[in-house]
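Chemist: My questions all concern the structure below.
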Amino acid sequence: MGKKDRQRKKLREFAKLKNRQRNLRKSVQTLKNEVQREAKVPRTSNQIALGNDKIEEINENSPLLSAPSKQEEVSIPKAVDIDTIDAQPLHEGPKIDDSPQDEVNSIKGKPADKANEDDLKPPSQHEACGNSALQSSITDFSDRSVSPLQSITSCNTPMSEHELPVSSSNSFERADDMPVVQADNQTSSSKSLHIVAPSPEVPVSGDEITSYGYGSIPQSIGDVENGLNPPYVENTSSDELVHDLTRRRIFSSCMCTYLFFIAMDSSIILVIASKIASEFHELWRLSLVISAYLLSNAIGQLVFLKLSLISSVKLLLCIAQFSFILGGYLSWSSAHFWTFIFARCVTGFGGGSLIALKSTIMNRFSQKNDSRYSLSASMITFAMGVVIGPFMMNLFDSSHGSGWRNAFLIPVPFCLVNASIMLADMYSVKSTLYGRPTPTLWKRFKNTLLSPDLYEILTLTLFLLCFVQVTSLDLTGLKNNTMIQALLFSVIIVCGILFFLIETSDTYMNSVISMSLQGDKRLIWTMIGISFCFAALMCIIPFGTTYFIIVLNLSTLQLAERLSPFFFSIVLGYFSVSYFWKSKGQNFLLKFVLSGATLLLYVALMGVSLNLPVWKQYICLSLPFLGSSMILTLLSNLYHEYHEQRKSPISGSIVYCFGAVGGTVGISLGGYVFHKTLIKLMHEKVMPFSKQGYLKKDLLKIIKHATESSDWVHESAPKFVFQTLIECYLQACRNVFKLSTLFFTITVVAIFIFNRIHCRSQNCLSLS
């Protein structure tokens, strides 16, 4: 008997016990109704004893419903613990110490003194209360003939960061821990006793449903445990339950596969950016190759976080998958530099969109208590993609330097299979995706267009685009270049001011990407620390690999081996802080020790030389990356802790998004420093060779070729100037490492200011 057969057998046995329990509870309720009706008529002591004997006889015959301890005590009912009920073994039921009537009242969420009054009401009132709009909407999600995405991807119920229910099954749970979920498609009356499902919803009045609120979705399982949920019955066979859990696991696997290939694609572009730019003879535009990817990645996350409020998730998933697959194909087939830049923009937009959708959809599939395990699995998957990327690139590397194109084509067939599986699951049942827009949908769309989010996205996009153009493009050769530069700088300043005003305005406190600057000052300093830490990483990783490739002349296999410790840096950096760091403890000294040690590693990176020992090649990038990973995890946890509770489900995507924004600024400034330093040093050190009899015209050609392609330096550069050119590259990399040290210093200052604000707030709370 296989594992699946044993699971089905256990589920069938459990379903039989549940049905028996339901029938016995109905019998108890019927008997109690008779007792209540007879209570109005004076009875003798023999009749009362006979009724009590019947109740005890029924309770003794029930293996799932225990008898009450004291029948005379009818006091405040105890709330039913849903997790306890579902966690009981199959051969024994939940232990309930209250009387059967109190048990009924506790399941319904009513006090004991009001239960009798409700029983005297006509059945029509109970039916009206039971048949709520929320209960009918849950039926779609509980219907196992429908795909698990049908209820969350319908255009009538678009997914947003404010509508993240707690699911009954974790996407990364073990196969042995399968919860039993049952469905009900009929309205239940108050005369029947119901079984509480693992994940019921919380009814909320219409006044509480706002455009930025959770609406009728419970914020935590505690709301359900407090008795606020309406009872409903669910009936589903064990085969359908196993099939539904299999669907959810398949979907979670597909999303993690996308995350793996996104990480692999990102690592490839970060590692061989200088090699790609050299092949296109655009080495001085090295930063543009990476900044275009990071910029489109951040914009994709912001846009899809907003579109998820007004559009169907099915459509958004299709667009995101198509963008990522198309970008990989264009990266493989691009023959010109600007075509490749466009391909990286498409890939980055698709990757950012998939990350935004994954962070929100996976929160629906996993319970709040299990979100840490889901995030841990995602971090391990991401780390594996980062490490495997350079090794996959080495498989297709050739002596001509064009093998890196095939590395971008690797994710395409796997992503096509993923897309086919997800689309077949989503569109297996007819939905209302192409239905007519309702007035509610149009009103929501109109309110979304008038919300501050789109203005924030627009101003931030213009700010980053102009910033990338100023730092990555050569505007000196254009006519009226002074005017163009002044215009771009003006746009940068205006967009920055507008973005700051939108974020600090009290009117726009409810925006999706708001950092809540007016709400808690600690949030802005955590976000500044995250952004500048990403900026520091985006300086040392691309230009650290540039140092390995150009200065040390390492092969792609040797480069992949030097970067293999990055996996342990990511995993250890995340787990050491998330599982062993007390987030609310007074760990100020430990924070500064970690920050100071990481800052010293950044300073040590500035002293790299032409001949670096092999053991230092393994740790010169991995150790600063480890410290930065720990700092990023710490700041991210602090941001989640102090962010508004109703926005916590999307705070992870917001952190990654603004990290990408900081990385865009960091790589742009790093590329600008690298290019300017390289041009200046080559003119200072190469042109003096004219005194030795070399023509200035030939020396200028050497400088031009050296700034356009590092491959030309190693293959065709004259021997008399080769060592000088390598020294110029080394000094340019050192200057970029100095810039990364400055960025990380700002991160340390942000942590210091955060701790000062935190200490003041704690002192104020203690005094009050």
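Cβ atoms here come from the backbone N, Cα and C positions, even for glycine.
Got these off Swiss-Prot a minute ago, pasting:
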{"type": "TOPO_DOM", "residues": "1-252", "note": "topological domain 'Cytoplasmic'"}
{"type": "COILED", "residues": "9-40", "note": "coiled coil"}
{"type": "COMPBIAS", "residues": "110-121", "note": "compositional bias 'Basic and acidic residues'"}
{"type": "COMPBIAS", "residues": "132-159", "note": "compositional bias 'Polar residues'"}
{"type": "TOPO_DOM", "residues": "274-282", "note": "topological domain 'Vacuolar'"}
{"type": "TOPO_DOM", "residues": "306-311", "note": "topological domain 'Cytoplasmic'"}
{"type": "TOPO_DOM", "residues": "358-375", "note": "topological domain 'Cytoplasmic'"}
{"type": "TOPO_DOM", "residues": "397-406", "note": "topological domain 'Vacuolar'"}
{"type": "TOPO_DOM", "residues": "428-447", "note": "topological domain 'Cytoplasmic'"}
{"type": "TOPO_DOM", "residues": "469-481", "note": "topological domain 'Vacuolar'"}
{"type": "TOPO_DOM", "residues": "544-562", "note": "topological domain 'Vacuolar'"}
{"type": "TOPO_DOM", "residues": "584-587", "note": "topological domain 'Cytoplasmic'"}
{"type": "TOPO_DOM", "residues": "639-653", "note": "topological domain 'Cytoplasmic'"}
{"type": "TOPO_DOM", "residues": "675-734", "note": "topological domain 'Vacuolar'"}
{"type": "TOPO_DOM", "residues": "756-768", "note": "topological domain 'Cytoplasmic'"}
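Provide an account of the burial state, proximal residues and distances for the features listed.
Modeler: Looking only at the topological domain 'Cytoplasmic' (1-252), the predicted model's pLDDT averages out at 48.
Long-range Cβ contacts of the topological domain 'Vacuolar' (274-282) within its own chain (Cβ-Cβ under 8 Å, at least 6 residues beyond either end) map to 288-289, 336-337, 340, 401-402, 404, 542, 545-546, 549-550, 708-712.
Beyond the ends of the topological domain 'Vacuolar' (544-562), by six or more residues, the same chain brings 270-275, 286, 390-391, 393-394, 397, 605, 608, 610, 612, 617-618, 620-621, 674, 710, 713-714, 726, 729-730, 733, 737 to within a C-beta distance below 8 angstroms of the stretch.
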Chemist: Please list, for the topological domain 'Vacuolar' (544-562), how many residues fall into helix, strand and coil according to DSSP.
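Modeler: Within the topological domain 'Vacuolar' (544-562) the tally stands at 15 helix, 0 strand, 4 coil.
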Chemist: Could you put numbers on the helix, strand and coil content of the topological domain 'Vacuolar' (274-282), residue by residue per DSSP?
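Modeler: So the topological domain 'Vacuolar' (274-282) is made up of 6 helix, 0 strand, 3 coil.
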